[in-house]
Amino acid sequence: MTHGTDAGHSPSGSVLGQTLMVGRRLRERLPDGITRTTRFLVWTTLVVQTLVVGTGGLVRLTGSGLGCPTWPRCTADSFVSTPEMGVHGIIEFGNRLLTFLLVIVAIATFLAVLRLRNRGRGLFSVALAIGLGIPAQGVIGGITVLTGLNPYIVGLHFVVSVVLVVLSTVLVWRTYHPLDEAERSVPSSFLALARTTAVAVGITILVGIVVTGSGPHAGDQGAARNGLDPELLQHVHSWPAYTTFGLTIALVAVAARNRWTAVSRWTRVLLAVELTQIAVGLVQARTGLPEFLVGLHMVLACVLASAMTATLLSTTRRADTLKLTPAEVRRAAHVG
């Protein structure tokens, strides 16, 4: 008579087997193609990532950067703001709450593309990168508080936000453009021009971060500045900005002359964003850097990065190598 329990039927083995079975069933219920829900989630990702930049700007421009004086708690004894902390505590805590919304959206988006990871490159890896970037962004935000709003750490926090907006734009694009584009591929010379423009955009944003670090909007009255001359930096900031503008005009002209429909459309969008950004920048510099315009300028920087990303993506004949189902191929062909 056997008194031991068969290893194959042990309680731990049974629990593991049931867990794996539940996991497989849940995975089978995930979408195996690009659905309306998928597109809703990727658009939500892009919108919320941009919104966080706006709320972060609100924190900075209202002097609420140390509204919660520590991290990850809001106070030494509480994770949430208290009535004694006033409006600054509410603003800073509200900005922190958006991180949790980002995490929820990122997890949902990741699950929406999980079954697509072996059907091509792009969607799964980009969603994963965004999911990993959000906690990194939160940690850097915490470091900015713990360092008393060091302008260089604050600048790094903004750079990460821009990178996440760029990745979110790529994610949106790849849900709509999985097939060969109708327009022919652009020549290498045009692609080089577009990439040069993208570099100029990046330099413009980076110099703008340094300019902000020298200006009056530190996020708190006691926060340090980088010690650089803000008036001189404003002139330095204009150099890559106008270079970007000139390069974009060249992109618009070449794309229009060659009748590259998709490319031409996105270069015009890029130009419109730049014109708006330049106008806001000039007005804010000449009116004493009012809070609303500075905040708008920050958000437009992310919109500019997004438009530049879409312009680059539009220059490729194949935006993604995702293998669609026959039904998706028929729908895409019908739309085209």
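From the backbone N, Cα and C atoms, a Cβ is placed for every residue, glycine too.
Unlike curated records, TrEMBL annotations are generated automatically.
Per TrEMBL, the feature transmembrane segment maps to 40-59 (among others).
Remote same-chain partners of the transmembrane segment (97-116), defined as residues 6 or more beyond its termini with a Cβ less than 8 Å from a stretch Cβ, comprise 27, 30-35, 37-38, 41-42, 44-45, 48-49, 51-52, 55, 123-124, 127-128, 130-131, 134-135, 137-138, 141, 171, 322. Residues annotated as transmembrane segment in TrEMBL: 97-116 (among others).
Under the heading transmembrane segment, TrEMBL lists 123-146 (among others).
Within the chain, the transmembrane segment (152-176) has long-range Cβ neighbours (under 8 A, six or more residues past its boundaries) at 34, 38-39, 42-43, 45-46, 49-50, 52-53, 56, 60, 109, 122-123, 126-127, 129-130, 133-134, 136-137, 140-141, 143-144, 205-206, 209-210, 212-213, 219, 226, 298, 301-302, 305-306, 309-310, 313, 319-320, 322. What TrEMBL records for 152-176 (among others) is transmembrane segment.
Annotated transmembrane segment per TrEMBL: 197-219 (among others), in sequence order.
With a cut-off of 8 Å between Cβ atoms, the residues of this chain six or more beyond the transmembrane segment (239-257) that come close are 186, 190, 193-194, 196-197, 200-201, 203-204, 207, 263-264, 267-268, 270-271, 274-275, 277-278, 281, 311. What TrEMBL records for 239-257 (among others) is transmembrane segment.
The annotation transmembrane segment is assigned in TrEMBL to 269-286 (among others).
Under the heading transmembrane segment, TrEMBL lists 292-313 (among others). Listed as Cβ neighbours of the transmembrane segment (292-313) (distance under 8 Å, sequence separation of 6 or more from its ends, same chain) are residues 46, 49-50, 53-54, 56-58, 61, 158, 161-162, 165-166, 168-170, 173, 177, 194-195, 197-198, 201, 205, 208, 212, 215, 217, 251, 263, 266-267, 269-270, 273-274, 276-277, 280-281, 283-284, 319.
For the transmembrane segment (123-146), same-chain residues at least 6 beyond its ends with a Cβ under 8 Å from one of its own Cβ atoms are 45, 56, 65-66, 68-72, 96, 99, 102-103, 106-107, 109-110, 112-114, 116-117, 153-154, 156-157, 160-161, 163-164, 167-168, 170-171, 174-175, 320, 322.
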